[in-house]
Amino acid sequence: MESPAVTFTLAYVVFSVCFVFTPNEFHSAGITVQNLLSGWLGSEDVAFVHYHIRRSSATLLAHSLLPMGYFIGMCFAAPEKELYNVHKAADGWKVFVLMAVLLPIATSILAFYWSQKRWSNHPLAKTLAHHALPQSSWRAVASSINTEFRRIDKFATGAPSARVIVTDTWVMKVTTYKVDVAQQQDIHLTVTDSRQHELSPDSNTPVQFITIRVASINPRVKPFDIRLNSTEYGELREKLHAPIRNAANIVIHQTLGDMFLDTFRSLVEANHTYEISSNQELEPCIGCMQTNANIKLVKYCQEANEGECQQCYCRPMWCLTCMGKWFASRQDQQHPETWLSSQVPCPTCRAKFCIVDVCIVR
């Protein structure tokens, strides 16, 4: 392929990925299926279930048209290939065109099947039917969900492609092509995983995401996972009726201070250590009096007479956790992105130090 074709291919790949996974920039610009078809989809607040039935169907159709869009674009980007004359095109392009034509046809047939019987064939309608009473239908369940979603006390979090919504009766996970639904009175919740990232793209602070398994006692309801920021864990628990089991004993950091302590600990453990003689006994930490002091401040960040940090001559008097809490307490709470690079005074002698100067006693 020549330069225009290569440029178009790269640009179209980036556009397709962003159109499918919709980053914040695309949402702000309104380049989403929800925004482009807002007139047909209706309002999520008015009819949550019917909105997502239509949204998931429209999203599948829109995404299936992306290969055809690429082929049409290539007809203009590489006119010398004469792709518009399929019979003269290379075999690889013939296969691609066939796929680009069959894919939207197949999804159109599937969407048409879903729309029959007033959308009763849609996967979301069938999911709701599992929760319906014997003499009722999925529409009664949809009405209940629509009513509860309109209330302002619901719990809602997550990106548009993976939202978690909890109402008084229902736990729901909204993804690009489907909506998982479970009834609160029927579920067991278990924390299964935890991932910590050093920096959040939104706030430049450490962030922890936890994964919770939602399993229903109803055998027809498939289990699903929800993922949320650990700082929202407490709010989620308040909205749930069932307890959340932590079978893996995962430490959940519900505050910024908790996450900072974990990062502080990992950084200090990678620092220089401070050796003491075998006959020297460590005193209890004067901060908590629960464990022995195991931290000594030694200036390692720069040479002795350089920088703002100073040499501390105090004996070990603090444990790692208490020193981390002291370090966090002296920071600007409005700018957590500066915490790791700042200096604070020693809690005893007031000599300034940074994280690099914190040494574990061995």
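Every residue gets a Cβ built from N, Cα and C, even glycine.
What Swiss-Prot records for 1-6, 78-94 is topological domain 'Lumenal'. The topological domain 'Cytoplasmic' annotation in Swiss-Prot covers 28-56, 116-362 and rests on sequence analysis. Sequence annotations record features per position, and here Swiss-Prot assigns transmembrane segment to 7-27, 57-77, 95-115. Here Swiss-Prot flags 285-350 as zinc finger.
Within the chain, the transmembrane segment (7-27) has long-range Cβ neighbours (under 8 A, six or more residues past its boundaries) at 1, 62-63, 66, 69-70, 73-74, 77-78, 160-161, 176. If one looks beyond the topological domain 'Cytoplasmic' (28-56) by at least 6 residues along the same chain, the residues whose Cβ comes under 8 Å of a Cβ in the stretch are 18-19, 22, 62, 114, 119, 122-125, 128, 142, 145-146, 149-150, 160, 174, 176-179. Away from its own ends, the transmembrane segment (57-77) comes close to residues 4-5, 7-9, 12, 16, 19-20, 33, 36-37, 40-41, 83-84, 93, 96-97, 99-101, 103-104, 106-108, 110-111, 114-115, 122, 176-177 of its chain (Cβ-Cβ under 8 Å, at least six residues beyond either end).
In terms of DSSP secondary structure, the topological domain 'Cytoplasmic' (28-56) contains 19 helix, 0 strand, 10 coil. Taken through DSSP, the zinc finger (285-350) splits into 16 helix, 7 strand, 43 coil. Under DSSP, the residues of the topological domain 'Lumenal' (78-94) split into helix, strand and coil as follows: 10 helix, 0 strand, 7 coil.
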